[in-house]
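Visitor: Here it is, the structure in full.
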Amino acid sequence: MPQPLKQSLDQSKRLREAEKHLRELENLVDSNLEEEKLKPQLSMGEDVQSPGKGEPLHPNVRAPLSHVVRAATIDLPRLGNKLPAKHHLGKLSGLYQMKGCTFNPEWKVPDISDTHFDLQVVNECPSRNWKYLTPAKFWPKSISYFPVQAGVKAKYPDNVMQHEAIVGKYLNRLYEAGILYKRISKHLVTFKGKPYNWELQYLVKQHQVPDGTTTSKINGRAENRRRRAPAKSISRPHDSERDCNMVGQISNNRSSIRPCANNGGGKHSSTTGRLACWGGKTIGTDQSYSSRDASASVDSRGRSKSSRGFSSISRRKATGNHHHCSYVTNSVEATTRGRSTPGKQVFTRDSSSLPESRASRACDKDSSPQEEENAWYLRGNTSWPNRITGKLFLVDKNSRNTTEARLVVDFSQFSKGKNAMRFPRYWSPNLSTLRRILPVGMPRISLDLSQAFYHLPLNPASSSRLAVSDGQHVYYFRKAPMGVGLSPFLLHLFTTALGSEIARRFNVWTFTYMDDFLLCHPNARHLNSISHAVCSFLQELGIRINFDKTTPSPVNDIRFLGYQIDQKFMKIEESRWIELRTVIKKIKIGAWYDWKCIQRFVGHLNFVLPFTKGNIEMLKPMYAAITNKVNFSFSSAYRTLLYKLTMGVCKLAIRPKSSVPLPRVATDATPTHGAISHITGGSAVFAFSKVRDIHIQELLMVCLAKIMIKPRCILSDSTFVCHKRYQTLPWHFAMLAKQLLSPIQLYFVPSKYNPADGPSRHRPPDWTALTYTPLSKAIYIPHRLCGT
């Protein structure tokens with residue numbers, strides 16, 4: 001219970017007790033651990049051992065945490081040098097010493113479906129976010145290009161060819177699903193699936209004009225792209241010589257084979273018209289050529305290496321695939337035989353059944369495995385480089401599924417180095433925010449998006465900056481890849497817009513984080529029906545749900561963002577605590593551990609730290625090792641402290657009641673004296689043993705007031721004290737101060753209104769005029785999550 005100060009406190013027994021505590025706090029401050037004990041001792045070697053080497057870990061679980069903390073300040077951990085040290089701490093290892101991936105020649109490429117959301121979602125889910133997503137844009141400041149042959153990382157030196165083959169299958173699967181563009185030439189790519197509205201203006205559209213030339217309608221503008229005006233001739237009936245001469249002219253013309261998008265019209269544009277491809281069908285012939293030949297013949301700029309004769313082209317094609325030669329000869333025969341009257345085209349297929357404004361490669365009957373239906377040609381407002389910007393390799397899909405492969409895309413050049421970009425920030429809830437927004441006592445359902453990043457379309461010009469290759473073909477990401485720092489921001493915008501509409505339309509509490517949706521409602525039966533309606537609503541818009549990770553029915557206990565959440569509390573799974581205790585037990589006292597290994601260990605401790613009675617200052621010695629990149633050695637007492645933290649497990653309440661207690665205790669300090677004042681009129685003045693910085697003297701008095709009176713809140717005129725950021729203080733004093741002041745609120749009061757300002761200057765306290773405010777920053781919560 002709070003013990004109010006009395007007027008005669010300075011004459012009582014408790015004054016001597018308070019002075020004793022003050023001297024202990026001053027000793028903690030004066031033993032400057034940060035400069036003497038934790039600075040990098042570069043002269044230390046492996047023979048330096050901690051005093052508690054070999055002692056078994058038997059922490060006294062019943063001992064107060066404060067006793068364990070004080071023991072850790074006596075038996076200190078040590079920093080070492082940069083010599084090689086242990087890279088393994090239990091099951092943890094240094095980030096660069098992680099277990100290497102094992103190549104699996106039986107890796108299967110996972111099923112990847114076409115994720116094409118309907119643009120009607122812009123009207124169904126009104127949000128300003130869509131202007132950033134339809135399409136998304138990616139403009140790096142500068143780009144480093146790599147050769148196509150370096151497209152697959154040499155992750156598995158013994159299985160290079162097999163690795164590249166599986167990567168090629170994976171990329172082809174992504175291309176078939178409409179996620180990648182495939183390069184045809186410098187100005188032309190092809191893709192599959194349904195085109196977006198902004199792609200329609202770049203699709204290749206060919207139209208026949210009366211004089212026989214071909215025009216390409218690009219960017220909504222039709223223009224004649226002939227390089228040389230053909231000599232017009234008068235049509236004569238039964239002109240057999242013209243037909244015969246046409247074959248010779250075609251074979252000798254340097255632009256004999258014309259692409260689907262003809263930028264430079266040749267002398268014999270009727271041939272060009274017959275080679276045009278529309279809607280997955282062939283116009284003018286039944287024969288086709290493969291995608292590799294298309295890269296040579298579909299270039300619309302006339303810059304293809306076609307200076308050789310038609311016969312040489314035919315021979316070159318025949319060496320690669322035997323059916324290419326048959327295509328060329330048959331197409332020529334169709335050109336010469338299929339002309340019944342000059343100036344007209346005779347199609348061997350019904351062109352009325354072909355959809356408009358569509359181009360695809362023609363396919364031969366003998367090459368049915370290479371047939372590409374539902375393919376489109378696109379010439380964007382950019383050039384498509386025959387180089388790459390990212391590299392690829394394969395790993396296991398996860399630790400539980402080693403039969404399927406996962407494609408890892410390395411676009412790290414855009415996040416570090418000379419090409420580093422500053423990606424936009426977005427709201428992400430921390431643990432404190434999550435506690436305050438989750439509704440209490442409601443059943444919950446979790447939904448998970450399937451292939452979430454592949455829902456986000458990119459502008460074609462941006463796609464050309466995200467080039468990858470399997471060593472054979474060059475692909476460009478048509479949808480957002482996972483290896484770019486912009487993708488999480490885009491996904492946040494995407495799911496936030498959907499979550500807002502779901503909450504409004506279905507009257508259900510909705511929270512989204514990346515690809516996870518959390519739905520809550522007081523009525524479990526109603527929530528169950530809502531979840532089915534939400535899934536149907538999303539699927540109608542082309543948004544895919546991963547039902548394997550979706551909660552089938554409302555539950556009270558759910559795992560979300562790594563936390564176990566029930567109706568009233570949040571906690572950490574017991575299995576995680578057991579793993580962490582096992583790691584701590586395997587710490588060898590006095591052994592030197594590499595800082596990368598310590599870095600991983602600190603990451604695990606940080607995740608569970610809010611669920612313990614500890615604070616971040618307890619990890620400061622390990623942070624010092626990480627910052628200075630030196631080895632770290634655990635002491636026996638420090639290992640016991642870490643183990644003690646994992647034993648005092650607690651659960652955090654959802655929607656904690658926020659109370660604003662009235663301040664009854666105030667503190668103040670000068671370089672030589674400190675004072676504590678109570679609202680009842682009692683006060684006490686203390687003399688410091690030495691002059692220190694004023695912010696340290698202020699913190700000493702606040703800690704003393706907490707030890708002696710145990711108030712719910714304290715007034716102080718020091719912003720340093722009120723912000724509770726004590727990283728610059730000596731480690732053991734900062735750790736104790738953080739431990740003492742974390743449970744209570746500190747209010748800032750201006751010095752002229754501070755009731756303890758008078759006693760510290762030998763004047764009576766004044767509680768009549770009191771103005772104070774908390775300096776803690778209010779937690780930001782989105783407006784749509786505030787009203788529940």
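Just so you know, glycine gets a Cβ as well, placed from its N, Cα and C.
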Visitor: Pick the one from ASP448, ASP470, ASP557, ASP566 that Swiss-Prot also lists for the Mg(2+) site with ASP515, ASP516.
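Guide: Checking ASP448, ASP470, ASP557, ASP566 against Swiss-Prot: the Mg(2+) site match is ASP448.
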Visitor: List the other residues in this chain whose Cβ sits within 8 Å of the Cβ centroid of the Mg(2+) site residues ASP448, ASP515, ASP516, in sequence order.
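Guide: Filtered neighbour residues, in order: SER446, LEU447, LEU449, ALA452, THR495, TYR513, MET514, PHE517, ASN546, LYS549.
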Visitor: Could you tell me how many residues in the region 'RnaseH domain (RH)' (656-788) are helical, how many are strand and how many are coil under DSSP?
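Guide: With helix first, then strand, then coil, the region 'RnaseH domain (RH)' (656-788) has 42 helix, 26 strand, 65 coil.
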Visitor: Tell me the Cβ neighbour count for ASP515 (Mg(2+) binding site), meaning other Cβ atoms within 10 Å of its Cβ, over all protein chains shown.
Guide: 18
